[in-house]
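Undergrad: After the structure tokens below, expect a handful of questions from me.
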């Protein structure tokens, strides 16, 4: 980590598009940014048509003047590579660089992200423009960090069904399986005479008349994820060659599970993400209408933190918010204005979870083009928008605080992007998604006041955790199985974990394949349930729904919960438990409270709008609700370093622990 | 206006397809039409394959015999050009005349409207057949009027994404912008490197990977509207050359906002439209289920009148119903039978709003092909269907009445087709449509018993109106702004009015851009709300929903309504008000009642099923409900010239005003 | 019927895929099947890539070893032709054999059923492989029966819009109509200038811009059905040549109305079908949520029996279940586990309706490929799954019983596949489907405890039936009209019956076209109603919905029911009645109870979860509910030969009648 960025002091930033405004405005904009208390300014990521208006005609001078202007005002630039927006002349030179939808339609020019990660020609073009930019600006002292492209996967661009993708996939399969027979065996192609005699016979999985083999889809998902990682690495490597000591960042979107962010994050110094709480709440379908109305102007209290914790893990701890919602946005089905104070709250919550930088999107609302209804810190007439004052407040508050670095949480969730692909490929029940399963457990942990880390399934260091969850894991790897076997804390595995081998087949010894005394446990069969159908649990007010497994096998373990129809539902031996179904919110809290108590972890019982985060001896408290709340004396009685024990709507308090 | 048609006497008509029936039946059909009391018969508009079965082989004799037969019975023919149904031989000669859907599929032969307005070859073919028909029948004394084509835009045919459309659009852009740079600036193409170096680089807006620039879409909408206007003008000009003194009519559909009917109407003598009350109620989604059940057999009491008033405006006052629903139809998701008396009611309501002619669709139910479940005045076995007797009743009633011409209403709504395109392009909230906004305000005016005219935004003569509404206006034109500034009556502008400049950018001075003391008012930001979320208003029982603006600015004006969270919602100075949000039904009535009272307009408080129309010293009253209603003594106590003060279900009364 | 299969003893079977398992396992599998009490084993139907891995290289030895192994264990093989799964090398040789969706997308390789029934080349290939298999195994004494292909129409494969289909359709139309003019008249093409000058001008009905002519669609449906019949006959003829005395079977899916199963069944000895009660309940949309929850683990109590009775008719009485759900499946939106006892119940119910064989799908759950979550009798680890024990119980029970052959039921429903196509083509009301209409009447008959046969509309032998229903009949044929006229029992015709002539036109004499005194009855007009709208009936608690006709005409008949608005709803003369609307469940039961009473048929009043089937002097009773039920003393008091008068959940009893 370059020393210059190893900070405990949190800072603010903003996204800025000098090419959108008269050059005469730049200096004043820079002055006002600095005066507001901002430190970082991201620029350049959509500017290819201005940086290279015609092939080979580089026009970098304006960018240098912009960087110089910002730098002169004391700001530090994050320079984006413009590869999310290839210009028209380039697309017209090689139209087969365009991605193709699952329905077979070319996804063309006219907006952004119109390129196929599999296209070798486009990768060469990207290397060319990144090389040119990195040569010119790599050593510029105003450029503190680089961002590769922007929001991989946004607008459903992970998967493309182009000729380039088909060629690439065939080569990838050839390298992976070496012989068509090996592939036929791995995919189970004998099933419906789907056997291939040559890798060149294989089609993309959008071609089949009905459902393709799940292993076929899974390999295409792996292939597609690897293309993005390779695409990013190409840029990161060039930047590192020319910009020593600068952080390389990519800016992730929320809830994009199409590619493996851990895998990609290994090529980054910093993971950043886009936090749009109101847009996410309205756009994502899996919360009830009443909940959506309650948090209409605040966002889901457990979505931002979830991503903060996840992206803190994807690059080894260092993370930013690159785009923070500063007011109403334009892209969700409905776009309400945030309640007063929420922009401040969201910013503080990111810092509580360890963000180094929170950067608002964007400086000035653009009155033209696609995002003209997206608020900025400034209105289109350059007057401050409401978010401006909230950013100013935060800037003042963090300057007065001395927040410690994020510390390890007591609870870990093992997270695995391939599991998301697997259950999207084979949900078995329409409402089964990996994201929803993991997020509902995360929400229950938060209701108990517990702070959470995410741990990558492929690199599972569980040391120090007193409670570990392994939900919905597609397939064991040996390191993870060993880590579970030797974990110091309580470990709750399941549901559906370990239910497939890497070839997407049911292990012949049957799932879940646990270590130790639970090794005798087998999932004899599974069922999925429609909304409204549930399986009551003996002695509990909550119930199971969506998914259930029927366990068989005997051994040295206890049945800790049983359904009312007599099936074992939670089975354990010592610190290891297996959960054989998907619990509703009440049941999940009950199960996790039990596990936390066994682990000796103190828990709270928080209302849906109050959330806390423990880190470095402090407890950060956030009131997402529109009613004031008094912090419970039990557990949240420490001395305030910010705010008081009475939180107004959108209120924030930071207490000393104890 | 040709003197022969300048009538105050209203008349009836019918649509007839001689080519569908044995020639031996024609004379008897004509006799029965005349005996029923019909005056006009529209024929010919789908008969191309019979008029020209092979290229250049015109077979017009049968049509002449049909016209002669009708004429001999005392009927007056409206002759349709057959260009809505190009025959197969023509399509096979130039298959690229077929339109293309937004998904890229060719929309082929086998029904109707299978042509692309942009296709020069097809336009030439239309000119050829229209010229031939007009030469032959232009001076025929039995032909009183001509109809161009039929129902432009029906079956979603306004927009086509063909090569012809692409070529035409590029040329149109070239003419509009002169240079790619000018277009790039107008569209804000710098935003995502969407800049073009040549007009030939521009694609249609269905090609982009995600949302295209709104100005790009808006220009395509303008282009598409102009193609229809040009297509129609080509036919109208030919007809006028050969058929002097005959009215040129086009027959519009309901709720087709895809092209500018004012613009097209300038080339017509008469606007006609298709009134299918039950089909519209079932097909259009934006009314609650309870409302739809209540008016299942009557139709929405405010939909027919809305279109009557709108189409009265599109050709300067003269309008017809060319197709009036006479019984159950076939094309809505569900097709109930009208309640007894509703066919009579609908017909009288059209006359109350100034229709010259109400023409039923169709004479005899066709037992074959696509519309075999569409009722006619006759059943397929030539016996009278229930609508027959109701038409007979109306014929007798109007013969005994002497209805004056429609007079100017006291209230005007400024209507603007481009605004419909704009908010379809950029709804910002999923449920925001221009039609719904305008129609809900119209319904509230009707609940207050007010009669309404529509005024074209591009030609805004507001003189004589005591109350004017300007809702949801995309962009000001200087004549309209001046008309608002100098209006004699009360003017209520908004919500969302004036929020864009013609290039679809937010004005840098910020909306709404009002004249006079309200010039200081600015919309600082906007929000859209999901169904179920609302913003209460201080002192009112109603609330805002769907859309809200946050106003700033100070000046010589009052805040007339404020939301409970303290934001100004209705702001005014003298006779000019600005409404900053979308009111629900109760709030809209309250706001409009206040404006009407300030304007000195007497108002009523009508139940949902009772509607009135004032015109020429008479008040026409219509009971859409299935329960009888006694007309309120206050305001509806004048002497009846038809019916009584007690209206049975589907009842009609005409009172003298006063 | 080959003597060897003329049984009154029912037997069990299973589906087995030797190619999925090591050859070393086959003998033990066969031994366990026989020990379980199974008799039949279906194999081979997806094995083309193993039977002919390259063109012309037949590898049949493994299949012979598998057959020999099964035969040696005392099992009888049903050998499937592998034509549902053409291998990749064949598809690559002639890619135009692939079907095309209505949206124009090629439906490719990678799953199954990827072929076009119209493709002559593929038909030749099928004849080639079937001939080779039949030559080799036709006389094998272990092969007791043959199955052609599998599940025609599954995955929406009846209709294909390929070039092969277009060519075939044009030829078929040429043969049917002889001249384009005859076709133009039959289709009513004059309507919108849709006239053709040559058969080669005709397009498939997916090409039209909006709704095509219904006669156009109907002819394409007829054509498509005939292609499947022809495809099947080609295989059946080859098999019969080489496998004398063996039954030829096809295995139908549930609720596949796309082709005429009666027509196809004439080429079969036995109709078999796939009974998946839980999958069907979850997948099919037309039952209320409460009903779906109640029968979540049991299935719709009237769906299995409906198909049993229907497929008993399609091949003249002989029928099997080829695939019986043995546990949770994988393909419905949600896949719950059956309640304990339901696999036994389903099996007994099939026997009660006359099944010769009930064959479970499948022997061992496949841990790989598309159906890995589909239960078998064995788990993937070869241990018994819960269905195994239930099959064992049934095997023991049927060995102890001596069930008589199915006898004629007292009630018949006239069933007609073309009617399903007709109302799919022209529903007139969105919720009108032929299946739902017929099935709701069937359910009402079952609620009355009546047993039902289906009779083919085209071959209507109504002798011996005391009550006959003719619902929703598209078009009369003279034999059916005569059979109705001379029927001995009560006949209830309608709604919508006889409403079109074979050219899909309304008969000029108007529907329903009944014989005898009801000939004067005419449907003057029809209406369709949205969900929630209903038409109350005088003196009845039930009501009409979805569909209603307005009857006119006078004659020697009574109005037996009248709507509250005064319209005749059930009109009759002697034993013939006409029902002019779609009754809800209560009204249907009331109407059918009246008809049964007139016919002298004793009826019951069964709760929704209790169902009975009378056959050969026995009454079979089935409790689909999760609560126990005591059989009503009235009507179900006979002596038990299986079970008792108290049925536990999932309980079965067989009583002697009396």
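Including glycine, each Cβ sits where the backbone N, Cα and C put it.
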Undergrad: C:150, C:331 show up in TrEMBL as binding substrate; which entry in C:107, C:112, C:287, C:293 does that record put in the same site?
TA: C:112
Undergrad: List the Cα distance (Å, whole number) between residue C:150 (substrate binding site) and residue C:323 (active site, nucleophile).
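TA: Cα-Cα distance, residue C:150 (substrate binding site) to residue C:323 (active site, nucleophile): 11 Å.
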Undergrad: Within a 10 Å radius of its Cβ, which of these active-site residues (C:151, C:323) has the fewest neighbouring Cβ atoms?
TA: C:151
Undergrad: Looking at the recorded positions C:112, C:151, C:331, which has the shortest Cα distance to residue C:323 (active site, nucleophile)?
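TA: That would be C:151, the closest of C:112, C:151, C:331 to residue C:323 (active site, nucleophile).
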Undergrad: If you measure Cβ to Cβ, which of the recorded positions C:112, C:150, C:151, C:323 are under 8 Å from chain A?
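TA: Of C:112, C:150, C:151, C:323, the entries that lie near chain A are C:112.
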Undergrad: Around residue C:331 (substrate binding site), which residues of its chain at least 6 apart sit with Cβ under 8 Å of its Cβ?
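TA: Spatial neighbours, sequence-distant, of residue C:331 (substrate binding site): C:279, C:283, C:371, C:374.
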Undergrad: In angstrom units, rounded to an integer, how far apart are the Cα atoms of residue C:151 (active site, proton donor) and residue C:112 (substrate binding site)?
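TA: Cα-Cα, rounded: 11 Å.
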Undergrad: Over all shown protein chains, what is the count of other CB atoms within 10 A of the CB belonging to residue C:112 (substrate binding site)?
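TA: If we count other Cβ atoms within 10 Å of residue C:112 (substrate binding site), we arrive at 25.
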Undergrad: Using DSSP, would you call residue C:331 (substrate binding site) helix, strand or coil?
TA: coil
Undergrad: Which three-state DSSP class does residue C:150 (substrate binding site) fall into?
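TA: Residue C:150 (substrate binding site) sits in coil per DSSP, no helix or strand.
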Undergrad: Under a three-state reading of DSSP, tell me whether residue C:112 (substrate binding site) is helix, strand or coil.
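TA: Its secondary structure by DSSP: coil.
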Undergrad: According to DSSP, does residue C:323 (active site, nucleophile) sit in a helix, a strand, or coil?
TA: strand
Undergrad: How far apart, in angstrom, are the most distant Cα atoms among the substrate-binding residues C:112, C:150, C:331?
TA: 17
